[in-house]
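Here's what TrEMBL has on this protein:
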BINDING   D20, Q95, T96, K97, H98, H99, R194  substrate binding site
DISULFID  C62-C76  disulfide bond
BINDING   D127, H341  Mn(2+) binding site
DISULFID  C149-C152  disulfide bond
DISULFID  C301-C324  disulfide bond
DISULFID  C306-C410  disulfide bond
DISULFID  C345-C354  disulfide bond
Amino acid sequence: MYTCFYARDISRTLLVFSHDYYDDDINDLVQSIDFCKVIQIFYPFSIQTHPTEFPGADPGDCPRDIKKEQALLRKCNNALHPDLYGHYREAKFTQTKHHWWWKANRVFDQLEVTKYHTGMMVFLEEDHYVAEDFLYILELMFRKSQDLCPKCNILSLGTYLKTFNYYTYNKKRTQPYRGGWYPGNAAKVGTTVREGLQASSALREQGSFGSFAGSYSTLSRSQLKDAARRIRATVDVSTLLDQNQKTLRRSPPDLPAWYDRPQVALIGQSAAHVEVTPWISSKHNMGMAFNRTTWYEIVRCARHFCEYDDYNWDWSLQHVSQQCLKQKLHVMVVKGPRVFHIGECGVHHKKSNCESNQVISKVQQVLKVARGAQQLFPRSISLTQTSVIKKTKLRKGNGGWGDQRDHQLCFNMTLVGR
């Protein structure tokens with residue numbers, strides 16, 4: 001949340017927080033945002049609000065590992081519908097896919113303030129860290145996509161930190177000097193500086209603004225409260241602004257020194273490189289953006305999404321692309337990522353220590369290198385390569401989604417007014 005504060009043009013976006021857990025402290029924290037327009041929406045079929053009935057865990061449901069023969073004898077609710085691995089549903093896992101599908105339907109078709117928006121929608125999650133030029137890059141990619149890749153229907157701003165390193169990416173463009181990095185021709189090339197929170201944008205697309213949907217993972221109440229406490233401890237937006245002068249104060253001591261000038265952005269001297277490739281769920285599911293045209297193609301395939309036996313929304317979207325869409329999903333990916341994953345724990349990863357401080361430090365260092373090498377706010381983008389399109393192997397789902405009640409609930413979310 002606090003990284004969005006430093007993003008250029010964030011003041012002309014609408015930030016949509018989509019929750020599957022209701023907590024007053026978290027809601028108040030979100031509501032305190034004053035650097036852009038904010039709205040909160042709440043997933044109405046959560047485990048929290050339905051703890052002992054579907055879509056939560058009904059006492060009459062079949063245990064996960066019971067054999068189908070035993071389930072039929074017991075006559076538990078969903079005895080006829082185990083998943084493709086013979087397991088019965090677990091509410092805490094099915095909620096992830098339900099919530100993603102619900103919020104996408106909500107912001108594109110049902111929410112009054114966004115249902116006529118024709119621009120891009122960017123999907124972020126609570127454990128994503130954004131660079132200060134992520135909106136700038138998004139708009140640049142959007143403007144160039146028709147020329148560089150007319151078939152691209154998704155833009156991707158993110159990557160997982162283990163798969164990318166700005167040191168490697170910039171080794172031909174930068175050289176070390178005492179105390180930092182600089183481009184080899186930095187002394188010869190002037191820079192354009194943008195100062196102040198009120199500086200006007202050089203890229204203003206008429207009638208477009210960014211919308212964001214961030215989903216909360218299924219965490220305990222204590223974990224969520226602790227997260228809210230740590231966010232407050234890290235940065236209190238109101239304390240960064242002098243209420244009389246409306247100028248930025250010095251950053252809290254636990255933020256790096258370069259955050260003292262969050263709205264002073266050097267304009268990069270070179271082009272950002274993008275790659276075009278078929279959309280792959282495990283690689284391009286972070287910081288992804290698409291518009292209403294793409295959404296309508298996806299939602300026409302609602303049955304494929306809702307009945308595919310996989311509890312992951314991104315694997316289900318991959319299935320839609322492979323089995324239903326006339327024009328498969330193709331993505332334009334920025335090679336220098338602007339969205340990073342900092343979560344240490346989640347649905348698929350369990351650790352004894354879920355603190356993200358170490359990962360955040362790595363991301364900050366990556367961006368510091370990029371900033372020193374003037375790789376942020378590039379003047380243009382260029383297509384470096386187009387991945388060879390191989391015939392994609394049809395995937396067997398991960399299961400967890402065999403219950404027909406989940407199929408029906410998912411499909412019902414596509415009905416306007418629900």
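Placement of Cβ uses the backbone N, Cα and C atoms for every residue, glycine included.
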Ask   = What are the non-local neighbours of C76 (disulfide bond), defined as same-chain residues 6+ apart in sequence with CB under 8 A from its CB?
value = G60, D61, C62, P63, I66, Y88
Task = Between C410 (disulfide bond) and H99 (substrate binding site), find the distance joining the two CA atoms and give it rounded to the nearest Å.
result = 9
Task = Go through C62, C149, C324, C410, the listed disulfide-bonded residues, and name the one with the sparsest Cβ surroundings, counting other Cβ atoms within 10 Å.
result = C324
Greatest C-beta neighbour count within 10 angstroms, which of the binding-site residues Q95, T96 = Q95
In sequence order, the recorded positions (D127, C149, C301, C306, C324, H341) whose C-alpha falls within 10 A of H98 (substrate binding site) = C306
Ask   = Do any residues at least six apart in sequence from C152 (disulfide bond), in the same chain, have a Cβ closer than 8 Å to its Cβ, and if so which, in order?
value = S145, V276, H330, V331, M332
Note = Spatial neighbours of C306 (disulfide bond) among the binding-site residues Q95, T96, K97, H341, using Cα within 10 Å, are K97
Task = Take the Cβ of H98 (substrate binding site) and count every other Cβ within 10 Å, whichever protein chain it belongs to.
result = 24
Note = Excluding its own, the Cβ atoms lying within 10 Å of the Cβ of C301 (disulfide bond) add up to 19
Task = Please name which of the recorded positions listed here, D127, C149, C301, C324, H341, is nearest in space to T96 (substrate binding site), Cα against Cα.
result = D127
Ask   = At the level of the C-alpha atoms, what whole-angstrom distance separates D20 (substrate binding site) and C324 (disulfide bond)?
value = 29
Query = Reported as an integer number of Å, what is the Cα distance between C301 (disulfide bond) and C149 (disulfide bond)?
reply = 24
